[in-house]
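**Q** Got a structure for you, questions after.
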Amino acid sequence: MNKLFVTLFIAISAVGIQFAAADCYGCICQHESGCKPIGCEMDLGSLSCGYFQIKLPYYEDCGQPGKRNGESTEDAWKRCSDDYTCALTCVKNYINRYAFECPNKGECERISRLHNGGPQGCSAARTDVYWAAVKACCGCS
């Protein structure tokens, strides 16, 4: 009987973590673009595109999801960034790639700081304001 409760608790916890991460990604999307496919805009000297305001080097780091045969990386990046599913895949790939850089943070804080500040974002004070905005949206940690 105890084994059943432990298994049930673990399953419920896993679902809760997935919902928390979904809330986090949703709040990041809202913060970046109003969660709309807004195309590309100049940001700190380079273009940021789409739902999550993805820059070209970020797209390259996330594995270039959705890139078609013969398509340039730049065209694929712009197209992917304005497709929610593709852009979310890119962000998740990027976070998974650099998660080890952020071992002592909660899941949403890790996602937010890495997304905003890159691989060193978890230890950078420059991501504090960004994290505060996402945290205020979702109440995540």
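Cβ atoms are placed via backbone N, Cα and C, with glycine included.
These came from TrEMBL, pasted as-is:
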type     : residues     : note
SIGNAL   : 1-22         : signal peptide
DISULFID : Cys24-Cys108 : disulfide bond
DISULFID : Cys27-Cys140 : disulfide bond
DISULFID : Cys29-Cys35  : disulfide bond
ACT_SITE : Glu32        : active site, proton donor
DISULFID : Cys40-Cys49  : disulfide bond
ACT_SITE : Asp43        : active site, nucleophile
DISULFID : Cys62-Cys90  : disulfide bond
DISULFID : Cys80-Cys86  : disulfide bond
**Q** Taking Cα-Cα distance, which of the recorded positions Cys35, Asp43, Cys49 are within 10 Å of Cys27 (disulfide bond)?
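**A** Cys35, listed in sequence order.
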**Q** Look up Cys108 (disulfide bond) in the DSSP assignment and report helix, strand or coil.
**A** helix
**Q** Cα within 10 Å of Cys140 (disulfide bond): which of the recorded positions Cys24, Glu32, Cys40, Cys62, Cys86, Cys108 qualify?
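**A** Among Cys24, Glu32, Cys40, Cys62, Cys86, Cys108, the ones whose Cα sits within 10 Å of that of Cys140 (disulfide bond) are Cys24, Cys108.
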**Q** What whole-number Å value do you get for the CA-CA distance of Cys86 (disulfide bond) and Cys49 (disulfide bond)?
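**A** So the alpha carbons of Cys86 (disulfide bond) and Cys49 (disulfide bond) sit roughly 12 Å from each other.
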**Q** I need the nearest neighbour of Cys80 (disulfide bond) among the recorded positions Glu32, Cys40, Asp43, Cys90, Cys108, using C-alpha distances.
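**A** Spatially nearest to Cys80 (disulfide bond) by Cα position is Cys90.
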**Q** Specify the nearest of the recorded positions Cys29, Glu32, Cys35, Cys49, Cys108 to Cys62 (disulfide bond), where nearness means the distance between Cα atoms.
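**A** That would be Cys49, nearest by Cα distance.
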**Q** CA-CA, which of the recorded positions Cys24, Glu32, Cys35, Cys108 lies nearest the residue listed as 'active site, nucleophile'?
**A** Glu32
**Q** What whole-number Å value do you get for the CA-CA distance of Cys24 (disulfide bond) and Cys40 (disulfide bond)?
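**A** Distance (Cα to Cα, whole Å): 22 Å.
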**Q** Helix, strand or coil: which one is Cys80 (disulfide bond) in, per DSSP?
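**A** Helix, per DSSP.
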**Q** On a C-alpha basis, identify the one among Cys49, Cys90, Cys108 that is nearest to Cys35 (disulfide bond); the candidates are the disulfide-bonded residues.
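**A** Of all the candidates listed, Cys49 is nearest in space.
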**Q** Can you tell which of the recorded positions Glu32, Cys90, Cys108 lies nearest to Cys40 (disulfide bond) in space, using Cα positions?
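**A** Spatially nearest to Cys40 (disulfide bond) by Cα position is Glu32.
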**Q** Whole-number Å distance between the CA of Cys108 (disulfide bond) and the CA of Cys29 (disulfide bond)?
**A** 13
**Q** May I ask for the distance between Cys49 (disulfide bond) and Glu32 (active site, proton donor), taken between their Cα atoms and rounded to an integer number of Å?
**A** 10
